[in-house]
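Annotated features in TrEMBL:
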ACT_SITE  9  active site, tele-phosphohistidine intermediate
ACT_SITE  87  active site, proton donor/acceptor
BINDING   8-15, 21-22, 60, 87-90, 98, 114-115, 180-181  substrate binding site
SITE      179  site 'Transition state stabilizer'
Ligand SMILES: O=C(O)[C@H](O)COP(=O)(O)O
């Protein structure tokens, strides 16, 4: 049975500062590095050795995958980077402090922007500090100016189907080192979480989510490897 581990990056500098991050390429904090290394130890203890690692183009995810593999003692695993595993684009909220934004717009509005399925934040104004249009990592791509989770899923899912699922179907074990919301999108897809239930799904930083899949890539078992830092998982499909 193919095995998949989803690993959200460790704490980033803007997680610590409580700022909307999205596509901004902030690095891990020392605590985030420690979380990534701890995740790697747990991956080794769980007897998991990936055949391939998929990650976003953002430093915090790439470094988390690399630090985890280093502390697991796993070397030379091929790494495939793609922007379609990036964090959801936070639009015009990018860079703002989450608590200050809640004080200005209300807790309810910020919760809708952060956790609703299909309400995107306001778009990012072009030409500002956080305009990614000239970033060479996105050259030739049509990139968004904001994303709801639904829009995030609409770019994650084709990548899942074309690049990741075939590897799992071939019997390979896969590690995906990515972000809170690109991983929520994958969890929504795999566990068939209804649109109105995905609001309750949170992915902790640096805590490997170990999923066993059947031949159709339906989860048959799932658990966080760090039980003390686990959050609630959706029920297994058909359970
Ligand atoms: O992009 C961000 O700000 C975080 O990585 C995830 O944000 P969220 O907790 O608001 O989904």
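Even glycines carry a Cβ here, placed using N, Cα and C.
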Fewest Cβ neighbours within 10 Å, where candidates are the recorded positions 8, 9, 88, 98, 179: 98
For residue 179 (site 'Transition state stabilizer'), the one of 9, 22, 88 that lies nearest, given that the recorded positions are compared by Cα: 9
Listed recorded positions with Cβ under 6 Å from ligand 1, out of 8, 9, 22, 87, 88, 180: 22, 87, 180
Other CB atoms, at most 10 A from the CB of residue 180 (substrate binding site): 19
CB contacts for residue 22 (substrate binding site) [other CB atoms within 10 A, all chains]: 25
CB contacts for residue 14 (substrate binding site) [other CB atoms within 10 A, all chains]: 20
Spatial neighbours of residue 11 (substrate binding site) that are distant in sequence (at least 6 apart) but have CB under 8 A: 28, 29, 31, 32, 35, 205, 206
Rounded Cα-Cα span from residue 180 (substrate binding site) to the residue listed as 'active site, tele-phosphohistidine intermediate', Å: 8
Cα distance (Å, whole number) from residue 87 (active site, proton donor/acceptor) to residue 180 (substrate binding site): 7
